[in-house]
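A.B. asks: Sharing a structure with you now.
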Amino acid sequence: MEETLQSNEVINLTTFRGQYSVSPPLSGGDGRGYAVEENGGYDVNGVASRSSAVLSGYDTLDSPPSYDFYANTEVFGRTRKIRPSLFQLHSNPEYLSTLFPEDEPTEPPPEPTRFGWVQGVMVRCMLNIWGVILYLRLPWITAQAGIGLTWIIILLSSCITGITGLSTSAIATNGKVRGGGTYFLISRSLGPELGGSIGLIFAFANAVAVAMHTVGFAETVQALMEENGSRMVDPINDIRIIGVITVTCLLAISLAGMEWESKAQVMFFMVIMVSFANYIVGTIIPASPQKQARGFFSYRADIFAENFVPNWRGPEGSFFGMFSIFFPSATGILAGANISGDLKDPNVAIPRGTMLAIFWTTVSYLVISATIGSCVLRDASGHINDTIMTGSAAGDCLGTACSYGWNFSECIANKTCSYGLSNYYQTMSMVSGFAPLIAAGIFGATLSSALACLVSAPKVFQCLCKDKLYPVIGFFGKGYGKNDEPYRSYLLTYIIAVCFILIAELNTIAPIISNFFLCSYALINFSCFHASITNSPGWRPSFRFYSKWASLVGAVVSVIIMFLLTWWAALIAIGIVLFLLGYVLYKKPSVNWGSSVQAGSYNMALSYCMGLNHVEDHIKNYRPQCLVLTGPPSLRPALVDFVGTFTKNQSLMMCGNVIIGGPSPEAVDAANSSSHVTWLNKRRIKSFYQGVVADDLRTGAQILLQGAGLGRIRPNILVMGFKRNWNKCPPTSIENYISILHDAFDLQYGVCILRMKEGLDLSHQMQAHSNATEPGLDIKAILVFGRCRNLSNVTFSAAVDPDSLTALPQPTTIFQTRQEKKTIDVYWLSDDGGLTLLLPYLLKRKKRWGRCKVRVFVGGEIHLTALLSKFRLGFHEILVLPDINEKPQPEHVKKFEDMLGPYRVHAIQKSRGGDAQTTGDCPWMVSDEEFEKNLAKSFRQIRLNEVLKDYSRDAALIIITMPVGRKGACPSTLYMAWLETLCRDLRPPVLLVRGNQDSVLTFYCQ
């Protein structure tokens, strides 16, 4: 068979099915079945892939690509396949027995109603666009703006909605779309900040649009009642009563479910189609005398010419006044997207249905505007007797009607004409062949638009509520039934609609929602533009007919039109968006939707980091960038708070955590757990976190020292906590601790060690709290506290759950409060490049330490005062220590020798009965020669401790230059004894500082 296959031939795997099977011996003899499915992957009882078995001839976890590996949802009736992890692929077989637990069978969920692109999107969008403006205001707008400007208004509106439709289509096809419509698209693209604010106002705008369309319907019914001499109260109150009754009936249809609502929409669509045909027929039929008296003369060239130019009247008589009234009629393009959760395939339905709806409705608007403007005069009296008598003078007759034998001069001059395009809102009904059909069309258009908005607003609002971005509103997010209907949101929308129906004035309501819709369109277009320019690999819309620059133009034009329409309303809309945006930014909801804002932030950060590579480091731009070996940051909050004080908004801070053990999923998860970053954010510490897994502590520290950071943004200072009770730990622990210091010096790091009298490790306090809240929970069983095992005194076991640490209450430390009027005592006894001076200067700039006075102690060098003044640090109190070189007290020397005694070589030899013991076997042992060679330095540390007790017992903080033990000449235990002696029995916190001997201060300008 191998001979017959050429290198460029393709093997059809289907021909192999049934020919090969996994034999029992290959299953490992452990009784586990390796069942496979027809399309590869795993089922609940097996872990092998058929295709893999065919190609390899043996069982393997490897599986060919499968839809289930990328989907977030499950399909009832079959077990969802799970892609094996990399650890599972190369781990031992005993780990595989628990990979696929058997799921309990469940009842199939009820199948919700789904709609295709015609019924679900195109028809719905067309009905929402063909609203009240089409029948009741388009003829009036044509009279005001003229046919030419009316076409410009229509085309400008369609251009904005068309660009928005293209942007919507691109966003909707960039992944699977769920319920939530416009809010879902914007929030998943731009993030919760802008998405939440625009979702809230868009839902509100749709609720107001319900009122607008309902008032249009009520106006028509009231006009028909007026023509027939009927009245309930007065025209305004009649509109209110009819509107409230109508919206209540629409609410009942909506609550009946999406199936009934969709059937109602189809019925309304058919009624509108019939009314359109009736209107076109009416424009062709010759006009009767009654219609002529009302200004209708069928198609006339001179009427078209007269109506082609504008004739502004009234307070709304301007281009943008007409645009503000017409534009809401074009805002129905999102009606289909707003019910995205009820569509069979939103990725196909939204682009196709939306764009076709925009095209056909634009054509219909243009046709109606041109035809009505070619047939009907602007002014007519409606009186059948206003004709020009034969032989009478026609010189006093005004208007185009004079040439057709009609004289409307009196009403034109007195501005009392009741009919014509400028005066009669029911002109289309008058022109049509059968007026009741136009009334039915008005009913269908207004009611369908109101119904679509009444459905859209709750759907959008429900998705917003479920995301829990804002307080209180979560109550309205609960869904009911198989379609997850938001009945509570329906009732809220109904209440808002009724409130605006009570205004009962269509021209007042329409401009209110224009700015809200324009704001939504601007953000949709900006979402598409922003997602495109970030070049994120995740931006892959299947809809290709869009342009990022067109989207940007659409966004800018939408904002400009907002201000040209009603500038104060635009400011209110933008103010509301900014307020809601600020609230979400402040609350920082724990959601991650992979927004383009995140992609943009990454691009900016990467660009700036790369830009730093082209600039050499300069001493004037030096910043202390700290790698803080904290272990889990929540266990050493004082260390985190202290370093965060002088690095916040100033320089880099990175918390390092070493997980001791071999690589395993548990260890890697513990090292990379996001709960540590969550704890830092909750504590408002601006720090990165880096966890590593290593065989021992020193190896992990070496990994962090050499691998932490990015480019020039990398640590240059190692910060550690002081190792308490070191003399009770195994000597190897001390050796590791000191070796990390030597590694840091070898890698040109500065080193800082913080010591506090009460210690830094809160593990015992956490143990006590866990026993009080959860008896039986042993943190030491979760945390291997081996205080003698690592420098941070905490090591995670493989089974650690870092979330349990984050859940504990936040402890307070002295570095979180404002310091009293005390001193920061700086002992600059050895020149380390100036780091010992720079750190207190940075602390003094912070408000918490602003009241403290810095005192600098030097060792007998008078000329250092002039040097310090040139550094411009603001340290004015410089004290010389004249007695620093004196011999220490004998009792203090004795205490030092007793502390070091267990680690002397002669002590070991005596305890072992004279057995030979060399420092080569135990490098932490101190020989007599090494002790004598370093005796002067040991005395200096003892004497410095005496000086610290004399001068700085009441200081807020002591900063002292840390001694350096020569590697190979100073044993680790001796060096540890120096550090212990130097800062022993001091009440204030002590910071031991040693720079890398490179200058970090300069008094030059360049």
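Just so you know, the numbers here start at 1 and follow the chain as drawn.
Glycine is no exception: its Cβ is also placed from the backbone N, Cα and C atoms.
Reproduced below are the annotations present in TrEMBL:
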- 47-95: domain 'Amino acid permease N-terminal' (DOMAIN)
- 120-627: domain 'Amino acid permease/ SLC12A' (DOMAIN)
- 636-773: domain 'SLC12A transporter C-terminal' (DOMAIN)
- 807-1005: domain 'SLC12A transporter C-terminal' (DOMAIN)
- 115-136: transmembrane segment (TRANSMEM)
- 148-174: transmembrane segment (TRANSMEM)
- 194-218: transmembrane segment (TRANSMEM)
- 239-258: transmembrane segment (TRANSMEM)
- 264-285: transmembrane segment (TRANSMEM)
- 319-337: transmembrane segment (TRANSMEM)
- 357-377: transmembrane segment (TRANSMEM)
- 434-457: transmembrane segment (TRANSMEM)
- 487-504: transmembrane segment (TRANSMEM)
- 516-533: transmembrane segment (TRANSMEM)
- 553-586: transmembrane segment (TRANSMEM)
A.B. asks: Average the per-residue pLDDT over the domain 'Amino acid permease N-terminal' (47-95) and send me the rounded value.
C.D. replies: 58
A.B. asks: Counting CB pairs under 8 Å, which listed stretch among 194-218, 239-258, 434-457, 487-504 touches the transmembrane segment (553-586) the most?
C.D. replies: 194-218
A.B. asks: Among the recorded stretches 115-136, 239-258, 264-285, 319-337, 516-533, which has the greatest number of Cβ pairs closer than 8 Å to the transmembrane segment (194-218)?
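C.D. replies: Highest pair count goes to 239-258.
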A.B. asks: Which residues of the same chain, at least 6 past either end of the transmembrane segment (148-174), have a Cβ under 8 Å from a Cβ in it?
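C.D. replies: Tertiary neighbours of the transmembrane segment (148-174) are 138, 141-142, 185, 189, 308-310, 319, 322-323, 326-327, 329-331, 333-334, 337, 340, 346-347, 350-351, 354-355, 358, 362, 365-366, 369-370, 373, 518, 521, 524-525, 527-529, 531, 538-543, 545-547, 550-551, 553-554, 557-558, 561.
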A.B. asks: Tell me, please, if the transmembrane segment (516-533) and the transmembrane segment (319-337) are in contact, taking contact as 3+ Cβ pairs under 8 Å between residues separated by 6 or more positions?
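C.D. replies: Contact between the transmembrane segment (319-337) and the transmembrane segment (516-533): present, because at least 3 Cβ pairs are under 8 Å.
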A.B. asks: Within the same chain, where does the transmembrane segment (434-457) have neighbours whose Cβ lies under 8 angstroms from its own Cβ atoms, ignoring anything closer than 6 residues to its ends? I mean 6 or more beyond.
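C.D. replies: Here the qualifying positions are 124, 127-132, 134-136, 181, 203-204, 206-207, 209-210, 213-214, 216-217, 220, 224, 246-247, 250-251, 253-254, 258, 261, 264-265, 267-269, 271-272, 274-276, 278-279, 282, 332, 334-335, 338-339, 426, 428, 489-490, 493-494, 497.
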A.B. asks: Is the transmembrane segment (115-136) in contact with the transmembrane segment (264-285), using at least 3 Cβ pairs under 8 Å (sequence separation of 6 or more) as the test?
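C.D. replies: Since 3 or more Cβ pairs under 8 Å link them, the transmembrane segment (264-285) and the transmembrane segment (115-136) do come into contact.
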A.B. asks: By Cβ distance under 8 Å, which residues at least 6 away from the ends of the transmembrane segment (115-136) in the same chain are close to it?
C.D. replies: 212-213, 215-217, 219-220, 258, 262, 265-266, 268-269, 272, 325-326, 328-337, 339, 342-345, 348-350, 352-354, 356-358, 360-361, 364-365, 368, 425-426, 428-429, 438, 441-442, 444-446, 448-449, 452-453, 506, 510
A.B. asks: Counting by DSSP secondary structure, give me helix, strand and coil numbers for the domain 'SLC12A transporter C-terminal' (636-773).
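C.D. replies: Summed by class, the stretch gives 67 helix, 28 strand, 43 coil.
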